[in-house]
Amino acid sequence: MAALRLPTPPPPRAPAPWLHSSHRRRVAAPRGAGGGGGGGGAVPPPPVRTLLIDNYDSYTYNIFQELSVVNGVPPVVVRNDEWTWRDVYRWVYKERAFDNIVISPGPGSPACPSDIGIGLRILCECGDIPILGVCLGHQALGFVHGAKIVHAPEAIHGRLSELEHNGCYLFNHIPSGINSGFKVVRYHSLVIEPDSLSEDLISIAWTASPKMLSFLESDKPDITSSTLWGSLDNLFVTNQSECSTTDGKMPSINDASELDGYRVLMGVRHSTRPHYGVQFHPESVATHYGRQIFQNFKKITTDFGLQTPLLQERKVHSIGKLERSQISSPDLKNFVANDLLHSARLKLWDSVGPCALPKRSSGDKCLRLQWKKIDNFLNRIGGSENIFSVLFGHHSAEDTFWLDSSSVDQNRARFSFMGGKGGPLWKQMTFHLASQRANCGGNLTIRDAYGCTVRNFLKDGFLDFLDKEMQSIQYIEKDYEGLPFDFHGGFVGYIGYGLKVECDASSNSAKSSTPDACFFFADNLVVVDHNNGDVYILSLHDEYSSGNGDGDYQNSIHSLWLANTEKKLLRMDAMAPRLSINGNSSINGNSFTISSSVNKQRFVIEKSKDEYIRDVQSCLDYIRDGESYELCLTTQMKRRTDYMDALKLYLKLRKQNPAPYAAWLNFSSENLSICCSSPERFLRLDRNAILEAKPIKGTIARGRTPEEDECLRLQLKYSEKDQAENLMIVDLLRNDLGKVCEPGSVHVPRLMDVESYKTVHTMVSTIRGTKMSDLSPVDCVKAAFPGGSMTGAPKVRSMEILDSLETSPRGIYSGSVGFFSYNKTFDLNIVIRTVVLHNGEASIGAGGAIVALSDPEAEYNEMLLKAKAPTKVVEECSQQIYNPDRSDSMQTTVS
């Protein structure tokens, strides 16, 4: 197939407002050419400006972070369907705004026009611009020059290979061959067939051996294009239907099992153009010499610019003063011109200093905090369970919350937060999406402390509303000096999985029976420090209300609540010998009665074993065709629980399956209780602007003896499959944090640690970064929600595939429970290991990550293992009278 040649590009549009003459510069004048004033010192090299084409991948912002550091200025990110060729021609050739182009990885194949978008035409037309293609971008480079794209001998995702190369400048200062140390991470199912390379392309890198490496270098062994479009009309169609056959599969791609698995092609370059491609992922946290590759590409760019007469006149966009929010917001569709600006611009909020109240705007609040501390108190009264029961456990604990660090082993969590219906500022916010598509808005109901209810339609959705609510709050930092925790009052509740349509997903498969988000505004709360046993009592009031007389009233109400709560706690100290700390006891005398007919109810899994295994196989097929690297498949199990004591169930769950990010939430108006024993943090932002994610990928049951337990722990630690799962999600979370964190700040202090809990061992990693100052807490959540450990990667395509396989909505499961503090911090978990009680029904979600190494039968068993703890607790709470024989059930059940 000959190299493609496209029509002459159209004339450019008018200059964009962000590209002014003051932002342009020409290539530095030759020595001796004169110039402005000066001391004659060396001129620092100009930064390199990169256009980064995003193929809807979940690793693009890892490349963004690397290029920001290497180039000295962040790249401009544009999705592959966001610019037309007219736009590219304008900015690359007329405005001369970019020095080079990088084409990102992504799902699918370059043979499918909508998978690669504008990238193909860029590779065809931009012959005088240095271009680096990564993974899908690499395959696209081969495709436009006639190479065949075929299935790899084996789908490789999250695993490492040693490489050898030919000394090409892209690999300058990088060793080559077996045991050289040049190990790279691979995420791909398709490859360029080496024998199909035209004279235009030169092979520059290959796998050095057939041996695949896991991150810990486990020795476990590893268990074409027949249809290419020949016309421009077919090649550049944008209709998704053009990419599929009647059975919904991608166009035919040859099976490449006959290819040599030993020397898989890992890099190519063009013979005359400065175009390079690498099949592996240099941006991965586990790739060796990844940054060196980007540095070499920068050097290729600068050398090419000096050697090419055409580029001597190239005008390059300077580092200048571009809006940080435009460069680094989660949605970069607002970068270029006013007609492309996203309608929801970020509203920046200036921090309030500790010395004076800010000027008030309409609707603003200035919250002041009062607090008291009781030293070394927790152990004297039998633990945090007794505090919650006495202060908030009455009336079935209606409208209460408890962010419960019920597992504090190994300093995994330190603080618990609890509260109920509070003072004048308390309110409950309940949100339902209007439909299941993006940008649909939804209906919000607000109920205040006095019982008044207001209903509104939110055109821009719940997260936008929450962001504006937080922006309207001012505060005085000195109020919480001395407090060792970040939640000082504010919003506490959950975000359902369906709110993904406000975070880059295009749609939901079905409507959730539970609200899509539900939060309290908590103005009164009690905090427990599990490290030293201290207990804190906190209360908020609105300083701005003093102008109409309400401030003094609020202040007195909150002072009274502080005093009364302190008295109740001290009374508990005096009564400590008589307090029950048995999680099986009833709360405040509430009886626990279940009829025998209810006892006979059983959990029924939404899909049979055969159906679930078929779904796993479908996931493997999608992975093999390059549509995803990892798919987090889930299912739901349900049973009737009409008379279940929800709080009693939670107390039993926290005892049998303690977890650092456990939670209890009750929304009485919705007949909804959430009993969560999650071991996983989704995302946290502390007062030092540090973002942290702690994804879990990899789970195995505890052993019956210490010897068996240690054997199982090591089995998980060295599992190649689980390491691959974990690495993929770590790179995904690095990407999500990279959208909103300062360039160069995203790092991984803990990679693939094994943590042990009461019932399971899990593989956990920690990712951190420093939030950019002009982005809000909600911006950070929108950049990363839903948690990648519950979707897979690439996230957007993976969510679409999962929606097509999962037949019911996830609802609260896979979402997040936690807080948004009034002082602009937050901490959210991943909702797993959770029982949701709603309108007399208990539901539990469970699943697992499907990767190329997955075994369908093992995946089904892992799903059952993850559901075991919560289902066991529900069964125990409902079997005081009747204990059925589970072996005679005709339905798929969990016990």
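In case you wondered, yes, glycine gets a Cβ from its N, Cα and C as well.
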Quiz prompt | Segment assigned the feature region 'Disordered' in Swiss-Prot (from 1-45, 226-270) | solution = 1-45
Quiz item: Where does His281 (active site) sit in the DSSP three-state scheme?
Solution: strand
Practice problem: List the same-chain residues at least 6 positions away in sequence whose Cβ sits under 8 Å from the Cβ of His281 (active site), in sequence order, or say none. | Solution: Tyr59, Pro105, Val134, Cys135, Val184, Val185, Arg186, Tyr187, Thr287, Gly290, Asp731
Quiz item: Can you name the residues of this chain that are 6 or more positions from Glu283 (active site) yet have a C-beta less than 8 Å from its C-beta?
Solution: Tyr59, Asn62, Ile63, Gln65, Glu66, Val134, Gly290, Asp731
Quiz item: Just counting, how many other CB atoms are there within 10 A of the CB of Cys135 (active site, nucleophile)?
Solution: 27
